[in-house]
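A.B. asks: Can you keep this structure in mind? I'll have questions shortly.
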Amino acid sequence: MTPTSHASPALKRRTLASSAKFIVALGVLIMLPSLSLRYWQGWLYWALFAGFTLGGSLYFLKTDPALVERRLAVGPTAETEKSQKLIMSAASVCVVLLFALPGIDHLFSWSHVPAWLVIAADIAVLLSYALVCYVLSVNSYAAATITTGVGQPVISTGPYAYVRHPMYSGALLMLGLTPLALGSYWSLLLVIPLIAIFAWRLLDEERVLKRDLKGYVEYCSKVRFRLVPGVW
């Protein structure tokens, strides 16, 4: 990727502050429900995720500050479409529960996930996060909200040659494996509504992109699958 400009000091401060707040909030969300400092699965996941989050922020600040700027606006209040405000509200609730429930599971010893499976899930989560970062490196217009920018092209290279929403593929895989990485079988039940919410979001996103992004209808006719090649 060829950077179009250097990140301003203000953007750097905002990005690092946002990353720091997210990392702290994630740690509290994971660890507090467990009421234990011995919840090693939570510590491991948090440390790995924090490292990748900070590393990703620093990398894209250097290589694509415009992308970072676009992705700072996130969540239900940042959406302009009413449908997406509702979708992102539902997604936020589901994700909060996805990170918090494993701690409660640990507190009451409901699940007994073997250490090897926890570690394998952590590795898979990191690989999924890497996929998301790869998608971002290919598509500089991948904002955190459903919007189109002036002069925005339709991206059809890299992972976009195989599925229309590769970032959602990576994110869903990452979140879907999070319960196992946090040592919880019961939390896997939350993956079901999470899949439904992702499907709802991307279908609504396609409606907006077909309406507002020139060439997207033609792209959809060429790339048939949305999330998983050969499946859907």
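Just so you know, glycine gets a Cβ as well, placed from its N, Cα and C.
According to TrEMBL, the record shows the following:
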| type | residues | note |
| --- | --- | --- |
| TRANSMEM | 20-37 | transmembrane segment |
| TRANSMEM | 43-61 | transmembrane segment |
| TRANSMEM | 86-104 | transmembrane segment |
| TRANSMEM | 116-136 | transmembrane segment |
| TRANSMEM | 143-163 | transmembrane segment |
| TRANSMEM | 183-203 | transmembrane segment |
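Relative to the rest of the structure, where do these features sit?
C.D. replies: If you look at the transmembrane segment (43-61), the same-chain residues 6 or more away from its ends with a CB under 8 A from one of its CBs are 7, 11-12, 15-16, 19, 22-23, 26-27, 30-31, 67-68, 118-119, 122, 125-126, 129-130, 133, 136, 178, 181-182.
Non-local neighbours of the transmembrane segment (86-104) in the same chain are 26, 29-35, 39, 41-42, 75-76, 79, 175, 178-179, 182-184, 186-187, 190-191, 193-194, 197-198, 200-201, 204; each lies 6+ residues outside the stretch with a CB under 8 Å from one of its CB atoms.
Long-range contacts of the transmembrane segment (116-136) within the same chain: residues 41, 44-45, 48-49, 52, 56, 59-60, 64, 67, 71, 142, 158-160, 166-167, 169-171, 173-174, 177-178, 180-183, each at least 6 residues beyond the stretch ends and with a Cβ under 8 Å from a Cβ of the stretch.
If one looks beyond the transmembrane segment (143-163) by at least 6 residues along the same chain, the residues whose Cβ comes under 8 Å of a Cβ in the stretch are 70-75, 78-81, 84, 131, 134-135, 169, 204-205, 208-209, 212-216, 218-219, 222-223, 225-229.
If one looks beyond the transmembrane segment (183-203) by at least 6 residues along the same chain, the residues whose Cβ comes under 8 Å of a Cβ in the stretch are 39, 41-42, 84, 87-88, 90-91, 94-95, 97-98, 101-102, 105-106, 110-111, 113, 118, 164-165, 168, 171-172, 175-176, 226-227.
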A.B. asks: Which residues of the same chain, at least 6 past either end of the transmembrane segment (20-37), have a Cβ under 8 Å from a Cβ in it?
C.D. replies: 43, 45-46, 49-50, 53-54, 96, 99-104, 106-107, 182
